[in-house]
Amino acid sequence: MSGAALGLEIVLVFFLALFLLHRYGDFKKQHRLVIVATLLAWYLCFLIVFILPLDVSTTIYNRCKLAVNSSPAESNGSYVTLAPSKQKCFKPWSYIPNGIMPIFWRVVYWTSQFLTWILLPFMQSYARSGGFSITGKIKTALIENAIYYGSYLLIFGAFLIYVAVNPNFNLQWNQLQTIGIAAANTWGLFLLVLLLGYGLVEIPRSHWNGAKRGYLLMKTYFKAAKLMTEKADAEENLEDIMEEVRKVSESIKYNHPLRKCVDTILKKCPTEYQERMGRNMDDYEDFDERQNSYPSEKSLVKLHKQVIYSVQRHRRTQVQWQILLEQAFYLEDVAKNETSATRQFVHTFRSQEPENKIIQYFYTPTVEWYWECLLRPWFYRVLAVILATFSVIVVWSECTFFSTKPVLSLFAVFIQLAEKTYNYIYIEMACFLTIFFLSICVYSTVFRIRVFNYYYLASHHQTDAYSLLFSGMLFCRLTPPLCLNFLGLTHMDATISHRNTQPTAYTSIMGSMKVLTFIADGFYIYYPMLVVILCIATYFSLGTRCLNLLGFQQFMGDSEMTSDLIDEGKELIKREKRKRQRQEEGENRRREWKERYGNREDSTRNRVVHTDQKESSFSETNINRPLSKYTRSNGRTERDRIELLQDAEPLDFNADSINDDPLELDSGR
């Protein structure tokens, strides 16, 4: 089993990252480099989280083996008395041989840092660029990132000059590497605590509110009102951009040098707008640069960027509106079925997607009623209590993990108790649940937050390339400090536990933070205590109230604006529901008409077509007989007239309206 657990987790984590990326990204429409870069960033971050418990169990085994080998030398030099201790130090089932984990962590860590600080920012600018060629997009990306990269180089250069001039500092390459890692982890820890403080409260509360049917329905109405406003804004913005595209397309004709750029812009437009613009275009028309003013290539690049953004936003709002309608209809069905005496779940509308026969066989209407109306609320309440308990343990451990005598961090207590009995399965499960819960709190916040339309992760393949790359950057910056924080909570970090023991392979590549004592002994220990203040602020919804005061509508039960938006969303859902009902009634009537009169109409139509074919063939045979005779005679007379006109002398009337064609002359008479 040596190394088998590592290989198995590497494969499973890859498919997990691929599944999540498929849910949020669009493999068919987005660029392959964007998909590969985002997948690699997500995969490496998830891999660190899942592999770290194996590193902890392997480190505990190595410590035990080291203690067994060093104890006889300290006593009488005999190994006989340590036979019971040797029996305790058995290999864990997931043991990873020495030398593999340090190399593995170096490759994973430095690849993720290269992605987050160099490659992904460049690809973000490349993806948002409106250039028409690869060279143009690369040039735009380099210009946009010049300030970004230049600021880091300036800070690093100033630091190197200071170290070189000051004789008190004698830093080596390893120490400089440690300082760079500490700077990156400090930035990540600053953001980590903010996201963690929000997730520790919001995740249990969202599951508790998930058990309230009325709450979910009211929030769905609120979302519908906000989404309708955004949807109307996106449609209006798209109309304005398409009007600009139409003007540019009409001004730049087919033989203009910039026509290729216009064609590239037209390909990004929706199909109905392309057809509309194609009907209004002339076939060919010369242009004169002196008489007409044409847009420049820079303005076309800007227009291309606006078209990509507006089309993506319009498509996303349309898909989200349909999904929200389905959620609202389903929640209304749940509210109606709660009082059902038959205890069978009845849907107002049929599902638009084909249902799986296996799921349909087991998930019957009766089972669905018991789950949705009876069991699911209680399940969400129990889950919310469990998550709230984990949150309290995390907050307590974040405030007390620096205390080693006595050990106050509950996670460290659990790991040390398991370490005494060398129960590696318990150690790995405890480590996995701890770091998994921390990751859920942090990563779910990354998926939930929205910075206007600048950054937004939308499910059902509606996330744009810029947001996908930005999420990859955040994951790569948050995961290393998250793992260091986890090792500090469990006292597996020698800097926190102050024990002269073998460190984990992960902390060994980070280097000794004693180079920067004010960070190792100050910021890393006391800054996580800020999570208490953030949890209190999240519990009382201080951030939501501040955003509401600034004019950003947030869902608040005691707000008059929230009540107005709920009423507006309720009316919107009613209108869409009536529209859907009329459509289904029309389809049902057409289906019934076709089933009742379809065969009779088909037979009648076949008889009419057969009769028409007979009549048309009979009339053609009767008409063609005299026509052949008259056609031959008319052809002879026409040839005689042409010969007479050719023998006649030409007349010059000095008039342009005279037609020289003899056939047309005859027809004119």
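Including glycine, each Cβ sits where the backbone N, Cα and C put it.
Quick look at what TrEMBL lists:
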COILED    224-251  coiled coil
COMPBIAS  618-634  compositional bias 'Polar residues'
COMPBIAS  658-669  compositional bias 'Acidic residues'
TRANSMEM  6-21  transmembrane segment
TRANSMEM  33-52  transmembrane segment
TRANSMEM  103-126  transmembrane segment
TRANSMEM  146-165  transmembrane segment
TRANSMEM  177-201  transmembrane segment
TRANSMEM  378-396  transmembrane segment
TRANSMEM  425-446  transmembrane segment
TRANSMEM  523-542  transmembrane segment
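By the Cβ criterion (under 8 Å, sequence separation of 6 or more), the transmembrane segment (378-396) is in contact with the transmembrane segment (523-542), since 3+ such pairs are found. Computed over the coiled coil (224-251), the whole-number mean pLDDT of the model equals 92. Contact between the transmembrane segment (177-201) and the transmembrane segment (33-52) does not hold: fewer than three of their C-beta pairs are under 8 Å, each pair 6 or more apart in sequence.
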